[in-house]
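Student: Got a structure here, written out as structure tokens. Questions coming.
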Amino acid sequence: MALNFPNIDPVIVKFGPFDIFGQTFEPALRWYGFTYLVGFVAAMWLLNRQADRSNGLWSREQVSDLLFYGFLGVILGGRIGYVLFYHFDYFLASPMYLFKISEGGMSFHGGLMGVITAMIYIAWKQKRTFFAVADMVAPVVPIGLGAGRIGNFINGELWGRVTDVPWAMVFPSGGPEPRHPSQLYQFALEGVALFLLLYWFSKRTKKVGAVSGMFLLGYGIFRVIVETVRQPDAQLGLYWGFMTMGQILSVPMILFGLYLILRPEGKQ
């Protein structure tokens, strides 16, 4: 027998309404945004802790700089990636779709590209190597990923494929069929398991770029696994009859992650 979705109100609290220049606004604090905020604060705390233990290699001010540009990279890259990877036809028909943030839509792979761009800038600004920055950031990224998947679950979105497993769940927007709660699988793998893996691995290697490589490898493998039970995007379906867009975008991550881990010591 399928479990019922808990139907948590996605809005925690509403403010207003407010009248500003004849326009009515009713801002709200939503669980989706709140989970990301919690993830951001937790990541900031851990990065500051790492900075305090870095023997002067990092300061808290430099961490704040990194977080600011990293956050911009996630938001801008995530939105642009979502539109280009998953709704390119909408964008061609109406370029303003890119700015319709209120309709939702973020892509991890786009966000990753945005963060990489931010890290390149920080490396240049702080006169570091790129992987010195990336290895600092990689272990805390799963915190934000896990928090975001909890937000997806509360929103009742990005559910899995139809199944008859005992823990299958009926989602309000997923029809009457029981489905995999794939958001929770992603929370467990991309959030908890990946965080523990990176924490363990970062204590056992000093090789520049290896921690970044393990993040790419671990995330890529976990994403490929979960995509086998996650409902493919309706507008894209399956490529070649068996691969989702998420899996296609994860394959280069896996290959490059392996390269970073296995490349000879000292090779930049």
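Positions of Cβ are set from backbone N, Cα and C atoms, glycine also.
When I checked Swiss-Prot for this same protein, it listed these features:
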type	residues	note
TRANSMEM	27-47	transmembrane segment
TRANSMEM	66-86	transmembrane segment
TRANSMEM	104-124	transmembrane segment
TRANSMEM	130-150	transmembrane segment
TRANSMEM	181-201	transmembrane segment
TRANSMEM	208-228	transmembrane segment
TRANSMEM	242-262	transmembrane segment
Student: Does the transmembrane segment (208-228) make contact with the transmembrane segment (130-150) through 3 or more Cβ pairs under 8 Å, each pair 6 or more apart in sequence?
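Tutor: The transmembrane segment (130-150) and the transmembrane segment (208-228): touching, yes.
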Student: Ranking 27-47, 66-86, 130-150 by Cβ pairs under 8 Å to the transmembrane segment (242-262), which is first?
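Tutor: Between the stretches 27-47, 66-86, 130-150, 66-86 has the largest tally.
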Student: By Cβ distance under 8 Å, which residues at least 6 away from the ends of the transmembrane segment (27-47) in the same chain are close to it?
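Tutor: Tertiary neighbours of the transmembrane segment (27-47) are 8, 10-16, 18, 63, 66-67, 71, 136-137, 139-141, 143-148, 150-152, 154-155.
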